[in-house]
C-alpha cells in the first residue's frame, strides 16, 4: 500500500515538474518591452481581509440633473424606483453583495466579509509572476482591489440607469447621461457595519424632513427658496414637524416609508408564476399550464435598520457563511 502511494505521489510530482518547466519556458518566451516598468506605479489598494467592504455611490451634480429632467419635489417616486432597479441589477451581477441601502441619489452595497472577488490579481501574470500564479492555491484567501469593487459597481449602476430610464420616465427623454462617483470603505465588525447603515438611514430622515418642509413652504406658502431656507434656519426636528402639521396639515409620520426610511435590498426567495404552453404528442394544439418557480431575488424593503428588530428577523445577512 505504501509502495503504491509512493508511486502515485511520485507520478504527480513528475507531471507537475513538466508543467512547471513548460510554464517557465512560456514565461521566458513572452514578449518583454522596456516600457513595462510603468506597471510599478500601480498602487496596491487591496482591501483588508475579513472585513465588510462597502461601496457607496452618489449622483454627481444631481441637483442640476433633477432640475433638467423635471423631477418632482420633494420626492420623485419614479427616480427612487429607478435607483432601486439599478441597485437590483448590480446585486444580480455581483452576487457577493449581501445587502444594499439607498436613499435619494445614493446607494450603498455591502460585500460579504469572506469575499474573494478578483483575488489580488489586477493584471495578467508574466515571467516570474507565472510561478506565483501556479502556487497561488497554497496561499491564504485574499481580497480584491478596492478599485475593482468601485469601478464594477459604479459602471454597472450607471449603465443600468440609462438602460432602464424609459421604463420609469416614459414622457421625459434623457437629455444627457448621468454621472456617479463612488468610494470604498471597509468595516471590521458587525457592529460598525450596522452603525454605518444606521448613519445612512438617519441621514435619510434628516434630509427628507427638511426637504418636505422646505418645499411645502415654497410650493404652498409661496416663499422663495431663500426665504424658506431662512425660515428653517436653526429649527429642530420638533419645529419642522410643527410647521408641517399646523400650517399644512401634514403628519410627517404618515409620509410614505420609502421617503422616510429609504430602501433596503436583501436576498429573499420569491415565487414567480408564469404560463407555459405544453403539447403532448397525440394533441394537435398545446395546453397552457401555470408554472410556479422559486427564485432568489433582491427584494426591496422600506423598514427601520437602526433598531435590533430587522437584524433579528434577518440574521443570515451577518452570518459568516451567508
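Placement of Cβ uses the backbone N, Cα and C atoms for every residue, glycine included.
In TrEMBL this protein carries:
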DOMAIN    35-124  domain 'tRNAHis guanylyltransferase catalytic'
BINDING   58, 59, 60, 61, 62, 63, 104, 105  GTP binding site
BINDING   58, 105  Mg(2+) 2 binding site
BINDING   58, 59, 105  Mg(2+) 1 binding site
DOMAIN    147-188  domain 'tRNAHis guanylyltransferase catalytic'
DOMAIN    191-306  domain 'Thg1 C-terminal'
Cβ-centroid neighbourhood (8 Å) of the Mg(2+) 1 site, 58, 59, 105 excluded: 57, 60, 62, 104, 106, 180
Among 60, 63, the one of these binding-site residues whose Cβ has the fewest neighbouring Cβ atoms within 10 Å: 63
Neighbouring C-beta atoms (10 Å sphere around the C-beta of residue 61 (GTP binding site)): 12
Spatial neighbours of residue 105 (GTP binding site) that are distant in sequence (at least 6 apart) but have CB under 8 A: 58, 59, 62, 79, 83
Secondary structure composition of the domain 'tRNAHis guanylyltransferase catalytic' (147-188) [DSSP: H/G/I, E/B, coil]: 21 helix, 9 strand, 12 coil
Most Cβ neighbours inside 10 Å, all chains, among the binding-site residues 59, 62: 59
Recorded GTP site residues 58, 59, 60, 61, 62, 63, 104, 105, farthest C-alpha pair in Å: 13
